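Chemist: Feature list, courtesy of Swiss-Prot:
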- 1-87: transit peptide (TRANSIT)
- 47-83: region 'Disordered' (REGION)
- 49-73: compositional bias 'Low complexity' (COMPBIAS)
- Arg147, Lys344, Gly369, Asp370, Ser402: substrate binding site (BINDING)
- Asn149, Met150, Cys151, His152: ATP binding site (BINDING)
- Asn149, Asp181, Thr182: K(+) binding site (BINDING)
- Glu346, Asp370: Mg(2+) binding site (BINDING)
Amino acid sequence: MSQSIQFSTPSHTPHLLHLPHSQFNRPLSSISFRRFPLTTIKYTSIRASSSSSPSPDLDSSSSSSSSQVLLSPNGTGAVKSDERSVVATAVTTDTSGIEVDTVTEAELKENGFRSTRRTKLICTIGPATCGFEQLEALAVGGMNVARLNMCHGTRDWHRGVIRSVRRLNEEKGFAVAIMMDTEGSEIHMGDLGGEASAKAEDGEVWTFTVRAFDSSRPERTISVSYDGFAEDVRVGDELLVDGGMVRFEVIEKIGPDVKCLCTDPGLLLPRANLTFWRDGSLVRERNAMLPTISSKDWLDIDFGIAEGVDFIAVSFVKSAEVINHLKSYLAARSRGGEIGVIAKIESIDSLTNLEEIILASDGAMVARGDLGAQIPLEQVPAAQQRIVQVCRALNKPVIVASQLLESMIEYPTPTRAEVADVSEAVRQRSDALMLSGESAMGQFPDKALTVLRTVSLRIERWWREEKRHESVPLQAIGSSFSDKISEEICNSAAKMANNLGVDAVFVYTTSGHMASLVSRCRPDCPIFAFTTTTSVRRRLNLQWGLIPFRLSFSDDMESNLNKTFSLLKSRGMIKSGDLVIAVSDMLQSIQVMNVP
């Protein structure tokens, strides 16, 4: 028999406290939180209402015009007595299917609920992984999101990758989302004259220039995207390439050319970011006034809209205004599905305005490479943890990126320090980990992805074995009263899931918001997120612990649950006796039941 809880708002019930916007600038540890009291009413179902009037009586004296509420005999929830025959007919005759990721389905069949990975994996697609077979290998290996870096490649090349990923989803049963990364207006190197890379050796002199070349450029010469580069830089400045992967010292300026001595050798990649330091401080000069979204970026964004990408990651975000401007543009021009906007936190401005940027965005990326070129290296770990915590508090997915397994670009096994770095990001409960050069141009992209997957699974299992249920309070974020109810339902569902040791949380959601609220709580069990649209299903594939399904459903939870149980049991993903908690953004309810 199920136990069902639904929420009403009687006049004596205190309202949730909403955290004022001004509080977002305070450290999380200094904020006090207030819990919404939850009363469990056994074997009873109460409709949610936004009215402030007392809830109706629950005894037999209720109005005779109201349909009687009964517990369903198969233990799957409450159903009106005059609707039971309709529900039975619907369940019996409904033959529509359910869509789930092929790899996840296999994991559930073979190893059960606890085998599923909670941390999501993102792969940057490049020359090493752009073929259909290579993309399929990544999807089989656990790739949840394919990232396209618009710093590299032509739009035609990116279009081909997008269509290959879409074909992979349609033909092979995956739900790989697509993220497009804008180049941004910061200083970048050119394309290295068509070469895939170049090696800078210690003691070599290289020329960085703003000149354009009609023919082949001289040896060891690199073009720079910023016209004011030669004017802003001074002799003695330190030039960092790609967040410090290669370092130069400025030794001479000759007109538009800047001669630099290589002091830390390394690999130079096309379109790599450039920063320069003077007396231990980052030199910003006029490049600080460059727009966040360049004219090229707007053309790339139009391309992304036309191709129907799922996310657009914005580089070098300085303020929330940029995010809001882009979201308005997308809302006016995107066709059908909503495109999520991810803010890349990779500059001093991003950290200064962190809370307002994350609040405005649909997620954030900790771009540690470029961030480490703008703040001292020893501050990067603390910055990462702060960004992850703020994203979690504000219910925004967070991606930890850059140099996770950098050595695997050239070597088949990672360093032990890299494994420890990955495990720390998993312990921080980040939503996703991202490969960059490891998958785009590395020699071992599949092995790098395998390392991310296996380390994530092991650390997550260790967390559960140690019963490290989190006691960190989460601030209230709902603005409307309905949102506050949904938030408390999800908080309660996650806590109940941990305390009762349930096998899975089922979330029926049209927009994906309620699934994200459950994910925010990081319950021990997997979260089955059922949604009606393919685009929402793909976007949910970025968030921690969510297994997104596409399923047509109604506002009748009895019908939805019976249909879901039937379909999942027929495919071997659940079995009779499994304990499940179900929540819905249609009825704002919690139901606890065993699979019949």
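Keep in mind that glycine also has a Cβ here, set from the backbone N, Cα and C atoms.
On a predicted model such as this, the values are computed, not experimentally measured, just so you know.
Neighbours and distances for these, please.
Modeler: In three-state terms derived from DSSP, Lys344 (substrate binding site) belongs to an extended strand segment. Around Lys344 (substrate binding site), the C-beta neighbours below 8 angstroms that are at least 6 residues distant in the chain are Asp181, Gly184, Ala313, Val314, Ser315, Phe316, Val317, Ser350, Ala364, Met365, Ala367.
According to DSSP, Cys151 (ATP binding site) sits in a coil region rather than a helix or strand.
All protein chains included, Asp181 (K(+) binding site) registers 25 other Cβ atoms within 10 Å of its own Cβ. The secondary structure of Asp181 (K(+) binding site), as reduced to three states from DSSP, is extended strand.
Within 10 Å of the C-beta atom of Glu346 (Mg(2+) binding site) sit 28 other C-beta atoms, taking all shown protein chains into account.
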Chemist: Glu346 (Mg(2+) binding site): which of the binding-site residues Thr182, Gly369, Asp370 have a C-alpha within 10 angstroms of it?
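Modeler: Of Thr182, Gly369, Asp370, within range: Gly369, Asp370.
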Chemist: Just checking: which of Thr182, Gly369, Asp370, Ser402 have a Cα that is within 10 Å of the Cα of Met150 (ATP binding site), counting only these binding-site residues?
Modeler: Thr182
Chemist: Would you work out the biggest C-alpha to C-alpha distance among Arg147, Lys344, Gly369, Asp370, Ser402, the residues that bind substrate according to the record, and give it in angstrom as a whole number?
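Modeler: Maximum Cα-Cα distance: 17 Å.
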Chemist: Given the recorded ATP site (Asn149, Met150, Cys151, His152), which additional residues of the same chain have their Cβ within 8 Å of the Cβ centre, ordered by sequence?
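Modeler: Other same-chain residues near the ATP site: Leu148, Gly153, Asp181, Glu183, Arg271.
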Chemist: Which one is it, among the binding-site residues Thr182, Gly369, Ser402, that lies nearest to Cys151 (ATP binding site) by Cα separation?
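Modeler: With Cα distances computed to Cys151 (ATP binding site), the winner among Thr182, Gly369, Ser402 is Thr182.
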Chemist: Taking each of Thr182, Gly369, Asp370, Ser402 in turn, which of these binding-site residues have a Cα lying within 10 angstroms of the Cα of Asn149 (ATP binding site)?
Modeler: Thr182
